[in-house]
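Feature annotations, courtesy of TrEMBL:
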COMPBIAS  A:476-492  compositional bias 'Basic and acidic residues'
DOMAIN    A:73-299  domain 'LUD'
DOMAIN    A:315-384  domain '4Fe-4S ferredoxin-type'
DOMAIN    A:393-483  domain 'Lactate utilization protein B C-terminal'
REGION    A:438-492  region 'Disordered'
Amino acid sequence: MSGTYLGMPAFPEAAREAVADTTLRGNLRHATHTIRAKRAKAVTEVSDWAELREAGKRIKDHTLRHLDRYLVQVEETVTAAGGIVHWAADAGEANEIVTRLVKMTGETEVVKVKSMATQEIGLNEALEAEGIHAYETDLAELIVQLGKDRPSHILVPAIHRNRGEIRDIFAREMSEWGRPAPEGLTDTPAELAEAARLHLREKFLRAKVGISGANFMVAETGTLVVVESEGNGRMCLTLPDTLISVVGIEKIVPTWQDLEVFLQTLPRSSTAERMNPYTSTWTGTTDEDGPQNFHLVLLDNGRTDTLADEVGRQALRCIRCSACLNVCPVYERAGGHAYGSVYPGPIGAILSPQLRGTGSEIDASLPYASSLCGACYDVCPVAIDIPEVLVHLRERVVQGGEVTREGNKVVLRPAKGHAAERAAMRAARWAFTHPGALRTGQRAASRSRRFHPRTLPGPGRAWSETRDLPPVPTEPFRDWWQRTRGGKDGDR
Amino acid sequence: MRVALFLTCVNDTLYPDTGRAVVKLLTRLGVDVDFPMAQTCCGQAHYNTGYRHEAEPLARHFSDVFGEYEAIVTPSGSCGAMVRELYPRMGERARAEGRGDTLAATLAPVVPKTYELTEFLVDVLGVTDVGAYYPHTVTYHPTCHGLRGLGLGERPRRLLQAVRGLELVELPGADECCGFGGTFALKNSDVSAAMGADKVRNAESTGAEVLCAADNSCLMHIGGTMARLRTGMRPVHIAEILASTEEEPAP
Ligand code: SF4
């Protein structure tokens, strides 16, 4: 994924700053709680939600199981409709293809509709390095780009900013990129939106090249689908002469009928709307209407490796609705940046370590960035059992084992830094399979209870810095049971 | 009915009062309770931290110890969920790894017989009024594994509502995690502590004297945070409230 994230510290350190930032926590809390409540309401309006969820899960699983076949079908249908299909094994290849395609047009500016796939590969930076300016046209994405910031949410990339901060960014930065912000801009939503509209309109009307991702690809007709709320996506997809869509290979649905399921579950799960304000579909090229050149870049970048993992592959069902972020108590406090990836929150914690491997510090720590409370699984419209995958990836971190990397089976060794924990787990397992030893330990703890420190050494320190420890009782339960025969001999 | 009490390692070692309360309560309801002395730990901490292979012998030990009983009752939502949800999964994984059906077959007998305490009272014994008396204001925190893992639903609150003298007040944000999460509390202590503090603030806003839950692990985290923030509220396990009577009231 994007080079911006290399060398990130482990999640707990990255989260520490965010936890202490009260403005950030206030922004996140307000935003996630509002959308969370709305989603819950939007979902109860649908009487067959459970069936829709199950259907979505099944369609995705079926498609993933036969992905080889559907990918060939997509290539055939897109080509037949006048598009050109390119295959990219990784981020480097994808960036190289897109850069070459843009250069062939002779243009140095492109407009973009928000796309997770292009963020994942760091396309904007790659284009910039070749002298091509990519303009984000989604309001929140524009705020992030102007603020020289990173997105912190799948759907609301600027969720960590409040209105005042946004006004300041617009007033300061818009003139650097094009049409300046109006004089005396205030922080009312209407004025901010109007400033963005004026700034962006200039770009839409000038651009000859558009770049998009897609929410879905319908295999039977080679049609791509983008759902959005602002209309900027439709502008990007219809105004330029050349359209380049970069799409992850897991975005396929076999038929239009399958699509029907997701067009119900996605908007309700993401923006709590009954349907998206704009649903745009495009199939190849049409003479004198819309882009005259269409390129589809099919992106792997770790996806087939992920598919090889029986437990972890369910992460590829994700339709990026972001419902799991909005209910996650860890995301709410740590913020999106702490996850060190374009995919934050619960889905990021299972997707990034699979797409990128668990080699880096941040990726090895992500499977632990959860209390396993299960709220994410509950809301996921394609029933991804995120806690299950988290535990599975923890196992990979601490015990190693066989994984697929770049198509090859490799055996991972246990990650460093877990030796003490591993020894403790083994010792505990030994004591727990030897009840006599456990009992001796309990008795020793009871006898020495007056000497127990109030703060713990080692890893336990983190506990006692913010919480008091319970006192060790005078007698463990099992001793009481044996002494009184479960209270039958008196002495309750 | 021969019922085994699976107290859990945490309760046995740190919260023996909860165990005594369960025994008192079930005995009062006419249940013949046994405490198999060879019991230890369900293996949840191992499993959830990524040490599935260390958890397997503990699961096998659990089955050896409890296999012969008609029912196994535990005053812990998370340990109950471990047996009911994750033991079958451990069996499946062993099968997927080419180790055959042995583990699955060993664990299968205990899975359907294991009940969390409130589940056992409502579903098996069919009681909601257990004859308890507890004259305090109480707010109830449904822990994550009880709520979403086992789906305890309204059972605990129905039991509490039937307690004489008890005033039950709603906890704002009740279904949000308290931030304990086993080793999560150590590995991500900043986030964990922030979650705990928010939970305690919500609890405090109810004006209740007591925060009640059906899991001592969560109560240890919440109670430890309460003590540090000097709220004056007390964490109490639901078993201790349900065991409390006019003759022998719990504090
Ligand atoms: S994991 Fe599920 S809830 Fe989370 S973004 Fe993906 S589809 Fe939505």
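Cβ atoms are placed via backbone N, Cα and C, with glycine included.
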* With DSSP as the yardstick, break the domain 'Lactate utilization protein B C-terminal' (A:393-483) down into helix, strand and coil residue counts. => 53 helix, 10 strand, 28 coil
* To do: Would you mind splitting the domain '4Fe-4S ferredoxin-type' (A:315-384) into helix, strand and coil residue counts from DSSP?
  => 41 helix, 0 strand, 29 coil
* **Mean of the pLDDT scores, which run from 0 to 100, over the domain '4Fe-4S ferredoxin-type' (A:315-384)** => 96
